[in-house]
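The structure under discussion appears below in the form of structure tokens.
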Amino acid sequence: MGKKGKVGKSRRDKFYHLAKETGYRSRSAFKLIQLNRRFQFLQKARALLDLCAAPGGWLQVAAKFMPVSSLIVGVDLVPIKPLPNVVTLQQDITTERCRQALRKELKTWKVDVVLNDGAPNVGASWVHDAYSQAHLTLMALRLACDFLARGGSFITKVFRSRDYQPLLWIFQQLFRRVQATKPQASRHESAEIFVVCQGFLAPDKVDSKFFDPKFAFKEVEVQAKTVTELVTKKKPKAEGYAEGDLTLYHRTSVTDFLRAANPVDFLSKASEIMVDDEELAQHPATTEDIRVCCQDIRVLGRKELRSLLNWRTKLRRYVAKKLKEQAKALDISLSSGEEDEGDEEDSTAGTTKQPSKEEEEEEEEEQLNQTLAEMKAQEVAELKRKKKKLLREQRKQRERVELKMDLPGVSIADEGETGMFSLSTIRGHQLLEEVTQGDMSAADTFLSDLPRDDIYVSDVEDDGDDTSLDSDLDPEELAGVRGHQGLRDQKRMRLTEVQDDKEEEEEENPLLVPLEEKAVLQEEQANLWFSKGSFAGIEDDADEALEISQAQLLFENRRKGRQQQQKQQLPQTPPSCLKTEIMSPLYQDEAPKGTEASSGTEAATGLEGEEKDGISDSDSSTSSEEEESWEPLRGKKRSRGPKSDDDGFEIVPIEDPAKHRILDPEGLALGAVIASSKKAKRDLIDNSFNRYTFNEDEGELPEWFVQEEKQHRIRQLPVGKKEVEHYRKRWREINARPIKKVAEAKARKKRRMLKRLEQTRKKAEAVVNTVDISEREKVAQLRSLYKKAGLGKEKRHVTYVVAKKGVGRKVRRPAGVRGHFKVVDSRMKKDQRAQQRKEQKKKHKRK
């Protein structure tokens, strides 16, 4: 049985995600955006009526693209969530009550645009759903005819069905232009199309049958025509030959061909062209191919006919040039004074001037035709150029839409530290004089939208946070950061100096006036500083004093308890042994650190002072012998257990407090076995005595021997792999958790990013609402805002590969490494760290 796919997720295309990102309530908003981009009906509209408007995506688009003071009304069966500057009604568009509510809301107004994106509840048969949608469209058209102004537009959704053509015919009776289109945002598998009707005729009276679905969608039966009706009764007029033309073969001369007004018509009637003029026959243009073509014109093709027309043009130019030369020669002969010859030449010139004038007229006509042809060619080239430009703009627009650059609501980030139109960029009177024009109301609006409660203490703290963030996120440099915690205190001490410098800079600007007094501003800055997360764990002074007193009391109780314990052990240990124990460097080295070590030392010294009087000088030899017996014990570990000297006294060292030991997964598994069963614990202890155990110190055996023994002489633990893997998995989960400093650093980074994003959003809204600049400038400014706020493209992930010796400069891609990688070595790392240290020193010197 086949598995049914998820229908809902497949419908979440790019327009669905774009609607989520840009804040539109439905993906159908992009359909209206694309329709308006093509037909431009929202920019000029002052009143709009949206039928079946829920959930309000088309109302959002209309409010964005229409003028600010426009009237927008939305109607639907279900309630619509309120929108700014939009009136919503919950009515049924097929009832008279809805018409009355609209009249009450619009009063005497006529709307310029009526939108209809309604569709009935589908689920029945396709024929029934299509008819219901066509009926709903007809009702929407009825409301549009009641409230639409002359020349208005009606945009509606229609399903492709058998009722589509009747609807289209009704639209054409009421509007000048009716166009059907399918925007890109409409799904290809959907049967919906959008009809844009422009130029409402506003007739004085509309026939009510137009809005009656029984009449509008009535099927017209076309009567079938009979065979006799299909046969034409009128006899066509007989077409014969021209009057007086008794032959089909027409022979003409080349002179007639040159004098013909329409050479194409001449060639269609001629059968042969005779080259009877010897001078024209000897012309270079009269080739052998031309002679052959002139013999039988009826069999020529397009190429040969074009060659004959070109041949005619060349001969006409040759004849015109020859006639001009003859005319000039006649003028010269007339000016020579030979009257007799002049009379004769006049007669000849009279006969030749007439053809020369005719040739000039023909030449002028030819030049005129050539000029017209050139003008047509220029017009065609201009149209092609405009078409290419339009196609290029459309392609760029599609690319911008695909890249989410030309969508409403998409804002990028900051252009500067103080905003786009802030007065802090003007320093001095010289720059003030340059600002001669500007929209001061827009600037005041922008400044009023800026947050006044956000106070920045200093940029030094932000730099310090960035440094600590980098160190927190880099585990290798955690130790270095802990050693340089004093730098933060120094930066905080310099905070007041930096703020004083900033106040001096602000006082230099004559255009900026502080809104609050200096004392109030300093108090707010101090409160903001101590409200940071780093001071959240600090309590009041009273709680701190109480905590310190409790710690001191606990310390005194522990010291007294240790002194009493030493006094109880004192009778079991001779004074000489106690003295030796106190003076021995072995126990001084092995004493625990911290408060316990100090308390133990103080207790021992106190006991030594009390027993000092009871020790006589006669015991000096005994003490010297005891010191000699203690010499072999110096430098050895206390873990070897208690030792006995020659006199038989047992020396009991001070026991170390139990050290906290972190168990590995095998140790945790063994601990679980020990804690769960006494028998398993007993067996485990018995099995610990085996031939694999040895008690030699690490220094007594060679290192290679110890390594080999660890590898080959290991007894298997009495725990299963599943238990060990369980604790190993728990360790991995614990290690995967970030430490507290890393978590705090990430939280600080996220908080700063959100704050930066909020500031960027406000500045971007101010840029979008500015009327004085073009859309292209707005996009450029928004892009720069994104770039400066660091909200643009993410940084490319680079994989670092450690270079090996002897490989050379060219390194192939290692196995398992994808994307961009960089080859590094230890020398490069040291050089980079040295460079960073130098830069840090330079920064400290500047401060």
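For all residues, glycine too, the Cβ spot is worked out from N, Cα and C.
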Quiz item: If Swiss-Prot says Gly56, Trp58, Asp92, Asp117 bind S-adenosyl-L-methionine, which of Asp76, Asp129 does it name for the same site?
Solution: Asp76
Self-check item: SUMO2 cross-link: annotated position in Swiss-Prot, out of Lys659, Lys722, Lys762, Lys778
Solution: Lys659
Exercise. Annotation phosphoserine in Swiss-Prot: match it to one of Ser186, Ser336, Ser471, please.
Key: Ser336
Self-check item: Candidate annotated in Swiss-Prot as phosphoserine, out of Ser356, Ser621, Ser639
Solution: Ser356
Quiz item: According to Swiss-Prot, which residue among Ser468, Ser598, Ser629, Ser644 is annotated as phosphoserine?
Solution: Ser644
Quiz item: Among the residues Ser28, Ser69, Ser253, Ser549, which does Swiss-Prot list with the feature phosphoserine?
Solution: Ser549
Quiz item: Any idea what the Cα distance is from Ser676 (phosphoserine) over to Arg392 (citrulline), rounded to a whole Å?
Solution: 79
Quiz item: Which sequence positions outside the compositional bias 'Basic residues' (811-821), separated from its termini by at least 6 residues, show Cβ-Cβ distances below 8 Å to it?
Solution: 796-801, 803
Quiz item: Over the coiled coil (739-777), what does the predicted model average in pLDDT?
Solution: 86
Quiz item: Can you check what DSSP calls Ser688 (phosphoserine), collapsed to helix, strand or coil?
Solution: coil
Self-check item: Long-range environment of the compositional bias 'Basic and acidic residues' (822-838) - Cβ separation under 8 angstroms, sequence gap at least 6
Solution: 798-803, 811
Self-check item: Alpha-carbon spacing, Arg392 (citrulline) to Arg783 (citrulline), which is rounded to whole Å
Solution: 22
Quiz item: Whose Cβ, among the modified residues Arg392, Arg783, has more other Cβ atoms within 10 Å than any of the rest?
Solution: Arg783
